[in-house]
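Report on one structure; see the data block that follows.
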């Protein structure tokens, strides 16, 4: 591991959560930051946070004793010892600047999380995609085995309503983010790497550098621990070969005949997925998931393999996966209105976009699949435009929002206007809407009974599901098609950078 890659982050093990004193989190409402705040609050640590939007997570933080400021002000830092920020916060943010002026301890989210993990056996889940779902599955398997792990997940486990927990057991399960190299500060006992594909090229430049970073991450694994990765993924296979040549403990899973945990008779339907698992020709039994998709089966296999290598009872893994409720924003069913089924999905990289849309096409059956997509990050939309466009074309119809890219500088010609031209769908089956309110109206105009609609992409798009259901219900009730929740028609109100510069209302057809 090069010193350059982690120069601005403090490695794990140098701080404990109690060393941090009173903690303030800038932008506390997002899933990652709110989970961290919840973890500290349940450990009895004083926590405050600042936010500009009333995220659903904030009520829970207040109930735990957190102080939430609905503004960014220097006065928010009074009485604070440590200020925590995420990569979404610009370095010139007034609270960050003031914290440094006052000489307060300033930590990146990953550094604060590393402090919380001190003294525990860390199970870190990394990968280009599938991290949140896999971290959730591993967590539930450990919970079912009775070891009460602590965890911080980049999402909320459905029906649990939280992405963080302070447990009493020795294990701490964490989702490790490669986007800014911050995963290189962790010192895992178990490292799970789901896959390695081109992404975050603004940080790494090319795939070779990204693969090198994942190799560095794997090398940080405790010598008494092990690495788990996917034999069905080309990047992960290359990683496994490299690590084995270095004499490291690495184990693979997948349908490949040379996988250490081999999956056979895998079958997926709209009701879920099942497979048989074996090690060295010895059956470990049948495993079932109530969520569909081959990729979900592969994610779950990493949890089975980790449990097997940790010596945990596999009946716990079988039971946990059979009851897996899913993760919010990962193939999440939002509801039905006017016989149109609405889902929400976090996918924004071309591979998970394609996987999710193929699975949803099975769900749609004879109905059509309509995707409402908000690209996440200008650099990704630019670097992977062709691949994203091809993945979106799996849908029958596309409603495209402007790119969500907080803190990014927009160059001329960048954004969703360029992306929609690249999507190989007929002009009448794709549309770019330049306001948030226009999207539900457009979906209500296009969707027919029996269709499936999915909101997909950047975090703000998760807020649209209820609006779509309201618009479809209003259509059924005979309300004007242009009516949106709140009684407005059209409009150009933006959410979190949805429409740069305050575009005019309405929808403009692609073509």
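Glycine is no exception: its Cβ is also placed from the backbone N, Cα and C atoms.
According to Swiss-Prot, the features are:
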type	residues	note
BINDING	127, 128, 129, 130, 131, 132, 133	ATP binding site
REGION	481-511	region 'Disordered'
COMPBIAS	484-504	compositional bias 'Gly residues'
Item to complete: Out of 129, 131, give me whichever of these binding-site residues has the highest number of other Cβ atoms within 10 Å.
Response: 131
Fill in: All-chain count of other Cβ atoms within 10 Å of residue 132 (ATP binding site)
23
Item to complete: Return one of helix, strand or coil for residue 127 (ATP binding site), based on DSSP.
Response: coil
Fill in: Neighbours of 127, 128, 129, 130, 131, 132, 133 excl. site residues, C-beta within 8 Å of centre, ATP
125, 134, 194, 195, 299, 352
Item to complete: Restricting to the same chain and to sequence separations of six or more, state which residues have a Cβ under 8 Å from that of residue 128 (ATP binding site).
Response: 178, 194, 195, 196, 197, 198, 199, 235, 349, 351
Discussion item. With DSSP assignments reduced to helix, strand and coil, which class does residue 132 (ATP binding site) get?
Written reply: helix
Discussion item. Sequence gap of 6 or more, Cβ distance under 8 Å: name the residues on the same chain that satisfy this around residue 127 (ATP binding site), in order along the sequence.
Written reply: 134, 178, 192, 193, 194, 195, 196
Fill in: Candidates 130, 133: member of the binding-site residues with the richest Cβ shell (10 Å)
133
